[in-house]
Structures are given as structure tokens and as C-alpha cells.
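Residues or ranges marked as domain 'Kinesin motor' by TrEMBL: 3-389. The ATP binding site annotation in TrEMBL covers Gly90, Val91, Thr92, Gly93, Ser94, Gly95, Lys96, Thr97. The annotation coiled coil is assigned in TrEMBL to 464-498, 534-612. The feature compositional bias 'Polar residues' is assigned by TrEMBL to 624-668. Per TrEMBL, the feature region 'Disordered' maps to 624-682.
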Amino acid sequence: RQPVKVFCRVRPIKNNEEPCVKVTSEKTVSLVLPPEAVSTYRATCYKEIKHTFKHVFDDKATQKDVFDHVALPLVQNLIHGNNGLLFTYGVTGSGKTFTMTGDPQNGGVMPRCLDVIFNSIGSYQAKKFVFKPDRMNGFDIQSDGDALLDRQKELYSVISLKTPKKKDSDTDVLQRTPDDTKIGSIEDDNTYAVFVTYVEVYNNAVYDLLEDIPEDAIRQLQSKIVREDASRNMYVHCVTEVEVKSTEQAFEAFYKGQKRKRMAVTTLNSESSRSHSVFTIRLVQVLNVTSQSPPLYRSIQYIVCLTLFAGNINNSLMTLRTCLEILRENQLNGANKMVPYRDSKITHLFKNFFDGEGQVKMIVCVNPRIEDYDETVHVMKFAEMTQEVQMTQPAGLKLDFGLTPGRRKANEIFKQALQKMEENSNGRAQNIEVDIGLVYCLGPQFPCLELTDPGLDKLIKDLLSFLELRMNKKNDLLEDWQKRHQDFRNKLIAVERENIMARQDSMSKQAALEQERKKTSALEAKLMSSESTMMSLQHQLQQNEANLIALKQELEEKEMLLHQQMVEKEKLRQKYSDKIAVEKERNTFDTQKRLKEQEIEFKTQMRDQERKLRKVKQILSKDNSATTCTPVHPTRSATTLYQTPVASDKTNSRGLQSQSSKRVSVSNPRHRRSRSTGDETWLDHRPRNAVELGTVMQPLMKRRKSVTKLTDAKDVANAKTSKYCLMTQEQDSSGELETRLYKADVIPTCGGGAQVVFNDVEMLKQQSPNATPLRKR
């Protein structure tokens with residue numbers, strides 16, 4: 001058993017502030033408040049607290065230092081078949097994400113782990129799709145035909161899909177600075193494959209960030225289940241495992257999952273994670289032997305980022321703390337309490353590591369800001385408690401089948417020799433059978449040779465039989481070696497003959513090569529002149545393109561200005577057309593009113609004229625009868641008789657007019673009610689579905705009666721009603737709401753009625769005071 005190795009990394013302070021965390025040595029940090037913050041801080045007691053860790057990284061430590069101390073031993077154990085768990089812990093904004101991922105020029109722990117893995121196994125990787133995940137924490141080995149079919153399907157799907165446009169925010173993995181560390185102690189005869197998964201634990205539910213779904217359905221991810229396989233190892237059921245052949249491919253999968261993570265903006269971090277992220281690297285190894293089912297084993301390394309914040313995120317960390325405390329209590333006191341791994345998905349997934357199935361390391365990230373003092377105290381206490389938990393360190397998985405190492409290199413040497421013979425057009429190369437199945441090994445190791453009793457005859461007999469088998473094996477190997485030696489000598493003689501012929505052929509080809517070089521130099525000179533001409537043409541083309549772009553911009557500006565002027569003209573035309581229509585309507589109304597009044601007046605005059613004519617006719621008829629009796633001075637008497645009735649007719653007409661005026665209600669336009677009290681009663685006539693006015697100026701009507709339809713004449717002829725307002729609402733030419741208020745005085749008539757005299761029109765429109773006018777007026 002060994003304790004959990006806990007490391008501490010202190011983030012650099014900003015703006016030359018006074019920190020509350022100071023590094024005193026390579027293994028010790030001191031947590032203390034500055035004197036000026038003690039009196040105003042909310043801490044109840046002030047004292048210096050010291051904490052000890054496996055190693056402490058100050059603000060000057062580089063990403064390379066952190067990786068070499070913490071993660072490089074885990075990568076070595078991973079290649080040798082051991083599992084590992086590395087997780088960061090700390091409050092938001094303490095540098096966990098930078099420690100894990102870093103940036104393209106300064107990579108973190110995760111990219112450096114991938115670099116070291118691929119630097120070590122780069123030439124020993126299997127072809128893609130040879131190992132296929134069964135989504136139950138295991139792998140199947142496919143045949144070459146099935147693997148080739150899967151590779152063709154993948155290639156077809158990549159060609160058929162449209163390549164998405166790269167955004168400015170996407171990280172360019174090609175510009176990163178890789179880590180060149182390489183692990184030398186690797187099994188040369190094994191074949192390797194690397195698989196990665198990326199999940200997040202949000203609200204105590206596990207989501208697959210690499211699931212193959214459309215980008216517009218990211219928030220419809222289905223939660224996954226944590227299960228136990230046949231070997232009692234915990235895994236995420238049906239999680240997407242991506243086989244990668246380089247660090248760049250692994251980074252593409254990582255950034256694809258990063259875009260789907262739940263992020264939020266906090267006061268300490270512009271992109272704070274709302275969940276725990278788990279990035280898994282699985283290394284699969286298989287022994288490179290000729291057999292139908294070769295032995296296969298895999299090792300796993302988890303890279304976890306735990307965020308200390310609020311809500312269900314802290315609930316998961318509380319469960320982790322509870323599990324570690326119970327483990328420590330069971331180890332110190334010999335108790336047998338049940339560890340609540342199933343209370344949280346994080347602890348349930350890493351149950352095997354706490355039970356001794358791998359090595360566990362933790363990096364505590366600390367922000368030395370004074371505002372984070374309380375949270376930093378809790379983080380330090382949890383880290384110290386974690387160091388007291390003892391973890392069982394498993395032995396490395398080493399499979400020994402009694403085979404001599406170096407078989408892969410021997411196969412490669414034989415294949416290269418055959419390829420060279422085929423390139424030299426040696427027809428016999430196809431008929432050569434290379435027997436690489438026989439391994440030069442005399443057998444297993446010697447049995448125990450210790451003789452504790454001289455009467456152990458059976459041990460001596462077993463030793464004799466073992467030596468006989470070993471000698472027989474040696475004889476067989478000597479015979480095979482002599483045969484191979486003779487075959488190799490014959491092949492070497494044939495190769496020497498071919499070598500002599502090849503030298504002669506090489507000399508003739510060398511002369512032809514010299515001639516070709518001269519031609520090439522002449523063509524290069526011609527190419528250089530052509531390139532200079534092309535450069536000048538390209539420069540001229542760039543100038544023309546720049547001029548074209550400038551002209552296009554100028555044309556677009558003029559088109560926009562013209563468009564604005566056309567819009568302004570259209571608005572003015574619409575505005576004046578509306579005004580003309582209103583004036584036409586008003587003039588038509590006034591004209592019709594005048595025509596009606598004139599028509600009534602003309603009819604009255606016609607009736608008076610007709611009445612006068614009838615009376616004149618009567619007088620004339622009387623005069624005619626009188627003239628027949630006294631025919632003296634006919635002209636004068638006729639004139640006198642004509643004038644007299646006319647005068648009497650005027651008198652009668654005036655009497656008739658006075659009588660008729662008593663029956664017609666006439667209003668007094670100069671009538672004005674008393675306004676000494678300032679009390680006016682309005683009759684507000686508005687539409688049924690009137691829109692609320694949002695203008696600054698509002699009509700002021702203290703006392704009013706609102707109606708939507710005039711159905712009763714008493715509403716207007718009421719003695720209390722002195723003002724009348726008619727409201728109309730419609731859209732103007734620009735689509736804005738325009739409200740018109742037609743105001744009038746209500747004048748009572750002598751007949752008991754009322755007359756409405758319009759004297760004012762108000763137009764209300766709502767406009768933005770900050771809007772820039774289209775033109776100055």
C-alpha cells in the first residue's frame with residue numbers, strides 16, 4: 001500500500017496583489033492572511049496554516065515540470081499494463097483547465113501524455129479497425145477483410161459529408177508545440193492501439209460528449225449508465241470510443257467534446273465549466289504471434305477535471321470526500337464500513353481505483369487571491385485528508401510465453417529483403433519461403449536444482465529428462481542453423497553476381513543521369529525567368545484586384561446613398577400624398593357642405609320668387625279688370641298697382657320669414673359657457689379597439705365620457721358636455737402608428753339641440769429621440 005500522491009500548484013497572482021498562499025519549500029505551502037486584510041476579513045480566527053504535499057509547484061513552474069513530476073510515471077505504467085487516475089481539484093478560476101490542456105504553445109498534462117504515448121508506440125501501431133470496441137468495456141479482433149471494409153466505410157463517409165467551415169474560435173492543433181519525450185522500455189513484439197472517450201458528469205448523470213448526433217441536437221444527449229463488466233471493472237455503458245492514430249486526431253475528438261460541454265460565465269472565469277469532465281485514454285496491447293486468438297490486454301488512464309462550485313457539482317465532491325474519509329477510517333481503525341460509491345457517478349466510475357486496481361494522483365490547484373481564502377482552506381483540508389488514504393499498488397501485467405524477443409524486427413528484416421529482391425526483378429524472390437515461425441529457444445528455465453536430501457532420485461531423473469530434451473532441442477536447432485547457413489551462403493553468392501551486373505548497369509545510367517542533369521539546369525534557368533515574369537504579373541494582378549475592390553466599395557457606398565435618397569423621396573411622396581388626400585377629403589367635405597347650404601338658400605329664394613310671382617299675377621289680373629272699366633292713364637296706374645303689391649309682398653314675406661324663424665333651431669356661434677371654474681366636460685369618441693398611446697404628449701381631459709359609438713343624441717346634446725374629441729388611428733407611409741384627435745366645441749341651439757363646431761386637429765406619433773434622422777431638415 002502507498003498513500004495517494006497529492007501535488008499542489010499555485011497560480012500566479014495578478015496586479016501585484018498580496019497573496020494569501022506562499023510557497024515555503026518544495027513540499028510545503030503556508031496559508032496566511034495579509035495584516036491589512038485581517039481586521040476587515042470575515043475569518044473568526046487569524047493564524048498561519050502550513051500544509052505538506054508530495055511536491056509543490058510555485059507560480060514559476062512550467063507545464064513541462066508538472067508533467068514530468070506527475071503524469072510521466074503514469075504514462076510509463078500505462079504502457080507497461082497498469083491503470084492510472086489523474087484528477088485536478090480546486091475552485092473555479094484556479095487553473096485546472098490550463099494545467100490539464102494548456103494552450104497550443106504550452107501544452108498541459110493531457111496533450112503531453114498523448115505525445116509520449118504516440119512517440120513510444122508510433123511504429124508498433126496496428127492498422128485501424130483491427131481492434132473493435134464491443135461497447136461493454138472489451139475489444140474484438142477483426143480479420144483483415146473486415147478491418148479493410150470498415151476503413152473504406154469511414155473513408156466514404158468522410159468524402160460524402162460536407163467539411164464544416166472552421167471558426168475563428170477553433171483551436172488549430174497543427175500549430176501546437178509537441179512534447180518529444182519517448183519511453184524506451186517498450187515491448188517490441190506487441191501491437192498497440194489507442195482509444196479515447198470523453199464524458200461529462202452533470203447533475204449526477206453521465207453524458208457522452210463524442211456521441212455521433214447532429215450539432216443542432218447537442219442538448220438532447222441521452223444519459224449513460226455506469227455498469228460493471230465480467231472482470232468487475234466499472235465502465236460507461238455504450239460510450240463512444242474513438243480510435244486515434246496521432247495526437248492531432250485525439251485533439252480533434254477532445255475539442256469536439258469541449259464544444260458540447262456545459263459552460264457558464266462567472267465573476268471569476270469567462271468560461272467556467274458547469275460539470276465534471278472525464279477524458280479516458282485506453283491502450284490496447286496484443287502479442288504479435290501467429291494464432292487465431294492472441295492474448296489481449298488493455299490499460300486505462302483517466303484524466304479528470306473536478307470543479308468546486310455550487311449545486312450538484314459540490315454534491316459529487318462531497319460524496320468523493322465521504323468515500324475517502326470512510327476508506328481512511330477503515331484503514332486506521334480496522335473497521336469494515338461500507339463505502340458509498342453508488343451515491344455519485346464520479347465515485348461509482350472510479351470504484352476500482354479506490355479498491356486498488358491502479359495508481360491515483362491528484363493535483364490541487366490554488367488561486368492565492370484573498371477573496372478565495374475560505375474556499376482555499378477547505379481545499380487544503382480535503383487534500384491533506386486524501387494523502388492519508390492508502391491505495392493498493394497492483395503489480396504490472398506481464399505475460400511470458402517463453403518466446404525470444406526480437407521477432408517483430410526479424411519479420412521486418414525478412415520482408416525488406418524480399419521487397420528489395422522483387423525490386424531488382426529477381427523472379428526467384430516469389431518462390432522463397434521464409435520460415436520465421438521457429439524460435440531459437442532451448443526451452444523453459446531450469447527447474448529447482450537444490451538437493452536437500454541425497455535420496456531424492458525423482459528430482460535427479462526429472463533433471464536428466466530435462467537435460468535430454470534440452471540436448472535434443474539443441475541438435476534440432478543446430479541442424480536448422482546449418483541448413484539456413486548453407487541457404488544463406490547460396491543466396492549471398494547469387495546476390496553478389498547480381499551486384500556486379502547492377503554496378504555495370506549503374507555506370508551506364510550514371511552517364512545518362514549527367515545528361516539529364518544538364519537538361520534540368522537549363523530548364524531551371526528557364527523556369528526562373530518564367531517565375532520572375534509570373535511574379536510581376538501577379539503583382540500587377542494584385543494591384544488591379546485592390547483597385548477593383550476599392551471601386552466596388554465606392555459603388556456600394558453610392559448605391560447605399562442612392563437607396564437612402566430613394567427611400568427618403570418615397571417617404572416624402574407618401575407623406576405629401578397622404579396630406580393631399582386629407583386636404584382633398586376636407587375640401588370635398590367643405591364643398592359639399594357649401595353646395596348643400598347654397599342649394600337650400602336657392603330653393604328658399606325660388607319659393608319666395610314663386611310666391612311673389614303668384615301675387616304679381618293676381619295683381620295683374622285685377623289691374624286688367626280695372627282697366628277695362630277706367631281706361632285712363634293705363635301705364636301709370638299699372639305701375640302704381642304693380643309697386644303697391646310688391647311692397648305689401650315684402651311686408652308679408654318678412655312676416656313669413658319671422659314666422660318661419662321661430663320654427664328653425666338656430667345656434668349662437670358666439671355663445672360661450674362660463675369657464676370661471678376651469679371645469680370642462682369632454683365627450684371622448686374613440687375606436688372600439690384603440691391602441692394605447694405611447695407618445696410623450698398626451699391629451700389632457702380632466703372630466704370626460706368615453707364612447708365608441710354615438711347611438712344616443714343626448715350624449716352630444718347634454719347640457720354638461722362642452723367639448724367633443726374624435727380619435728382616429730391608422731398607419732402612415734413608414735408603417736408607424738398615427739393618431740389624430742379632431743377637437744370641437746359643443747354649442748347649444750335655441751331649439752334644445754347642440755351644434756358641433758370643429759376647431760382643432762392634433763396628430764400624435766411615437767418616434768425614437770435617439771434615432772438619427774435620414775436627412776437634416
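Backbone N, Cα and C define each Cβ position, glycine as well.
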How many other Cβ atoms are found within 10 Å of the Cβ atom of Thr92 (ATP binding site), counting all protein chains shown?
-> 22
Looking at Cβ-Cβ distances, which residues of the chain lie under 8 angstroms from Ser94 (ATP binding site) while being 6 or more apart from it?
-> Arg11, Cys365, Val366, Asn367, Asp372
Other CB atoms within 10 A, centred on Gly90 (ATP binding site) | 26
In the coiled coil (464-498), averaged pLDDT is 85
